[in-house]
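Engineer: Handing you this structure, nothing more for now.
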Amino acid sequence: MTSAEPAPAKLNLALHVTGRRGDGYHLLDSLVVFAGVGDQVRLAPGPLSLRIEGPFAGGLAADDDNLCLRAARLAGGQAAITLTKNLPVASGIGGGSADAAAVLRAFARRGHPLPADPQLLGADVPVCLASVPARMSGIGERVAPLPAMPALPLVLINPGVAIPTPQVFAALASRDNPPLPPLPAFADAEALVGWLARTRNDLQPPAMALAPIIGQVLAALSGQGARLARMSGSGATCFGIFADARAAETAAAALSRQGWWAVATDLAPAPAPL
Ligand SMILES: C[C@](O)(CO)[C@H](O)COP(=O)(O)OP(=O)(O)OC[C@H]1O[C@@H](n2ccc(N)nc2=O)[C@H](O)[C@@H]1O
Ligand SMILES: Nc1ncnc2c1ncn2[C@@H]1O[C@H](COP(=O)(O)OP(=O)(O)OP(=O)(O)O)[C@@H](O)[C@H]1O
């Protein structure tokens, strides 16, 4: 039997870097949500293998290092895996982590227990396993699910520049920043935008220094009427929050004419329970 598992894009709506561990990994405090756009993995019976299709298939190899195969080995499972790569690679929206988490969930549905330490596959894998709105802390291993979020009309923009995550962390000017302000339950998108305005993505300034085009993307989102425009993760993908789905679709259509990957979406539904 073939089964499909969605791998939704991860968005760090806010990301504060609050310290650094002895091993060099950074302590984070992040509001993470998942978008209605993402990759998909399908598992069919057979020995372990990986085939990659979809618009960004050319961006990565189906070799042993691919996070889908690493996840399958960690789960101890066998399957012919097909990855549909809809998300740009190395773009701050956790594509590889989302794929790894989707493979772990798919094997869990087939009776393979989730591994004790999914973070072996990447800092973002624990939050991607949950794929629900959450406050993420530690280096990503602490995931506290949040009450349901309001509808959030979003535009995601990626200008086609891949930025390696370690370079962005290395370029941080300050590593001991204040944590997120207390997180209320958000009645509507306006309340969320108001709260987000008091937060930051601490990785945005160093990423912009490495890839100045991020500043152009943020300005373009604001120019299209975004109520808040910010970079996700270590970049270069940025998101804009719009007043409604129609405004988001109009903005995405206009921005895709710049040659950028531009998608109008909303938050993803939670994955089927395991
Ligand atoms: C920036 C975020 O996307 C925010 O959600 C994540 O923290 C990064 O998650 P990820 O891509 O799954 O990260 P990993 O593949 O585990 O780590 C890539 C590199 O980022 C740096 N890294 C990552 C996570 C973290 N908390 N501190 C770090 O300093 C380390 O140099 C690490 O070698
Ligand atoms: N299935 C996969 N999808 C994407 N990248 C993968 C995959 N397997 C391995 N990788 C490697 O992982 C690296 C990070 O890719 P990914 O798309 O997860 O980055 P990202 O979006 O910046 O993630 P994050 O937001 O977690 O920092 C890439 O350089 C890529 O070569």
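Even glycines carry a Cβ here, placed using N, Cα and C.
If you look up TrEMBL, you'll see Lys10, Asp124 marked as active site. The domain 'GHMP kinase N-terminal' annotation in TrEMBL covers 70-109. The ATP binding site annotation in TrEMBL covers Pro88, Val89, Ala90, Ser91, Gly92, Ile93, Gly94, Gly95, Gly96, Ser97, Ala98. Per TrEMBL, the feature domain 'GHMP kinase C-terminal' maps to 190-258.
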Engineer: Applying a 10 Å Cβ distance cut-off over all chains shown, what neighbour count does Gly92 (ATP binding site) have?
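Structural biologist: Total other Cβ atoms inside 10 Å, all chains included: 30.
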Engineer: Counting by DSSP secondary structure, give me helix, strand and coil numbers for the domain 'GHMP kinase N-terminal' (70-109).
Structural biologist: 21 helix, 5 strand, 14 coil
Engineer: Average the pLDDT scores across the domain 'GHMP kinase C-terminal' (190-258) and report the rounded value.
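Structural biologist: Its mean pLDDT is 98.
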Engineer: Among Ala90, Gly92, Gly94, Gly96, Asp124, these being the recorded positions, pick the one whose CA is nearest to that of Lys10 (active site).
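Structural biologist: Among Ala90, Gly92, Gly94, Gly96, Asp124, Gly94.
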Engineer: Are there residues at least six beyond either end of the domain 'GHMP kinase N-terminal' (70-109) with Cβ under 8 Å to its Cβ atoms? List them, or say none.
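Structural biologist: Apart from its flanks, the domain 'GHMP kinase N-terminal' (70-109) reaches 3, 5-12, 35, 37-57, 59-60, 62, 64, 115, 118, 120-125, 127-129, 131, 156, 158, 160, 162-165, 207, 231-237, 261, 271, 274.
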Engineer: Measuring Cα to Cα, how far is Gly96 (ATP binding site) from Asp124 (active site) in Å?
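Structural biologist: Gly96 (ATP binding site) and Asp124 (active site) have their Cα atoms 9 Å apart.
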